[in-house]
Amino acid sequence: MAAVDDLQFEEFGDAATSPAANPGATTIHIEGPSESPTHQRGLPRGSGGEEDDELLGNDDSDKTELLAGQKKSSPFWTFEYYQTFFDVDTYQVFDRIKGSLLPIPGKNFVRLYIRSNPDLYGPFWICATLVFAIAISGNLSNFLIHLGEKTYHYVPEFRKVSIAATIIYAYAWLVPLALWGFLMWRNSKVMNIVSYSFLEIVCVYGYSLFIYIPTAVLWVIPQKAVRWILVMIALGISGSVLAMTFWPAVREDNRRIALATIVTIVLLHTLLSVGCLAYFFDAPEMDHHLPATTAAPNQTAAAAK
């Protein structure tokens, strides 16, 4: 009996000491009554990480659909095709405008602001605002120059709106198209050239024109020296954005071709700036003075007497 009791006691002692000696037995004992809470705590952690990954994946997939998928699936004559180009929020637009006004040396404007979600919303409205700013400021400048002249009769020149729209939108679309074609051609010749999409190039040119909106308003000041100082400041800021953006795309090319490309970009931008200033503000205005024929009846009456 003593041996049996000892055996039973030893078995009981082993059973009692085994949970303390084996942490696995303790976990099994705890999991029994709290199995469901343990899994409930573990699942949210795993699901939370998976949800974050899924959200990141959904963001990437959304961007992919916006930039590639929907554009390929939707025909270009449909509204859905162009809707993707305007899918941008106000914060992104303001951030890109700020980047065009404060270019950072050594930073690529496309990679820093545009590549995540290129848009046409900002460039379209920047060009539209610039058109009306140039046309209205040009008319107002002409009015202020002749203000106080009794023989001057103000006639608004609405044709300046259509001329400004043609110049600005042609520059904002045709020059990027030509540059995109040139970069694609050089990319086929030199494989190390950084490639930009046509939408990214249009976006860069559109945002680079924002500086000319306040500049056009200040061109109302009837002093040529002030106007030319303003145009040089605007040209320096916007031209530096273009040069720093497209230099990485051509620096691996032939040295002469790379320099010629950047010089051509800056010269075309200079031509736009100087041309708008010279045509809309410094050009000789049409003679809108009151005609001297109003005094002709009195003169003929006096001659008849």
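Backbone N, Cα and C atoms are what each Cβ position is placed from, and that goes for glycine too.
Those TrEMBL annotations? Automatic predictions, nothing curated.
Here is what TrEMBL says about this protein:
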| type | residues | note |
| --- | --- | --- |
| COMPBIAS | 49-59 | compositional bias 'Acidic residues' |
| DOMAIN | 101-272 | domain 'Yip1' |
| REGION | 12-61 | region 'Disordered' |
| TRANSMEM | 120-141 | transmembrane segment |
| TRANSMEM | 161-185 | transmembrane segment |
| TRANSMEM | 197-222 | transmembrane segment |
| TRANSMEM | 228-250 | transmembrane segment |
| TRANSMEM | 257-281 | transmembrane segment |
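Highlighted: of the candidate stretches 120-141, 161-185, 197-222, 257-281, 257-281 has the greatest count of Cβ pairs under 8 Å to the transmembrane segment (228-250). Scored on C-beta pairs under 8 angstroms, the neighbour of the transmembrane segment (120-141) with the top count among 161-185, 197-222, 257-281 is 197-222. Here the transmembrane segment (161-185) has Cβ contacts under 8 Å with residues 123, 127, 130-132, 134-135, 138, 193, 195-198, 201-202, 204-206, 209, 246, 249-250, 261, 265, 268, 272, 275-276, 279-280 of the same chain, all six or more residues outside its ends.
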